[in-house]
Structures are given as structure tokens and as C-alpha cells.
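Student: Sharing a structure with you now.
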Amino acid sequence: MKVGLVYYGGQYNHLILKNVKYLGADIEVIPPHKPVEELKKFDCVIFSGGPYSVSEEIQKMGNSPLYIKELKVPMLGICLGHQLIAYVLGGVVRRALNPEYGLTRINIFDEDTILKGFSQQLNVWESHNDEVVEPPSGFRVLASSANARVQAMANSSNSIFGVQFHPEVKHTERGIEIFKNFLGVCRK
């Protein structure tokens, strides 16, 4: 299986590579200016974290809006990638009233896909100034925290996912399982 990782300069991206490789998948880093055709070789795509604000700096994300709209493969957005997916597909993203940094407890409401087998609460690593306040039409909220209503989301066909937190960071409990569950969706 081949995974594309769209890279926005996030500080934890090497950990995404490490986790996906550990789980036995091939992964390739893709700069966001590549034509959408070059991403059609991947079985799934992960949109990484990064320092940008999607509502103010979308141009810095290159062709990523086209990737989200045109690729017909499973997708996972992490932090900035989560916000990008929501924004491009019609959700609402804004500056967080209470930015989250460090360990945060989330409440899981729906665990049937990327959060499969998880308990109702999970400690996760956060690092964000912006947040998704309303997911796109056709998406459901999988998890929330005291400060961010949309900590995880999925579309109705369980093929596009977003998580506000960083599953790649060791401080996130069971983070490797989120990648494992996502790769399971990619293999279907």
C-alpha cells in the first residue's frame, strides 16, 4: 500500500512517517504544489499539521484544495490537515477561543472507524490556534474536548477523517492505533 503525506512544515511530520512505516505501508512526502495527477498513485492521503491558518493563508497550501475535492481515496487530516479538509468542504474554521497546547482529554462519541475499540475518553497531544467549529455537511463529530467541539470527524462514507490532535506524538494514548485503523480503511 502506498500512502501520500502532504507536507506543510509541521514539527511532528517525521513521526507520521515513522508510524506509517512501522505499520508496513510505503509513505512518500508530497509538497502541496504538486499537480493533483501526481497524487493519484496513492491508495490514501494524509494531510499533515503545520503553522498556517486555513482561513487566512490557504494559498500557502498550494493545490491541497484540489487534492481534497478531486482525489477519490481515503484521507486523514491531522491538526492543520483536519482544519483544511473541513474548510475546503464547507465547514467552519476560526481562531480558537481557547487554543490547546499539550495534553488534553477528549470525549469519544462514535468509535466505529479510526477510533474503533477506544474507550469514551482519551488523552491526546494538542498544538493548535485554530479549530473546526462546524464540520462540513455530511460529516459527523466523533470526539470533542472541553475547548474544541470537533476533535475528530468523519464523512458519511467513512473515507475522509480529521483529527484536531496529533496521533503521531507519543503522548497521545493509542495514537498508533488511529493510524492502524486508518490504514485498514485504505486497504478496503
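Every residue gets a Cβ built from N, Cα and C, even glycine.
Here Swiss-Prot flags 2-188 as domain 'Glutamine amidotransferase type-1'. Residues annotated as active site, nucleophile in Swiss-Prot: CYS79. Look at Swiss-Prot and you will find HIS166, GLU168 tagged as active site.
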Student: Can you check which residues sit near the residue listed as 'active site, nucleophile', meaning Cβ under 8 Å from its Cβ, same chain, 6 or more apart in sequence, and list them in order?
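Tutor: Spatial neighbours, sequence-distant, of the residue listed as 'active site, nucleophile': GLY10, SER48, GLY49, GLY50, SER127, HIS128, VAL163, GLN164, PHE165, HIS166.
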Student: Can you check which residues sit near GLU168 (active site), meaning Cβ under 8 Å from its Cβ, same chain, 6 or more apart in sequence, and list them in order?
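Tutor: Set apart from GLU168 (active site) by at least 6 residues yet with Cβ under 8 Å, we have TYR12, ASN13, LEU15, ILE16, LYS18, ASN19, ILE78, GLY175, PHE179.
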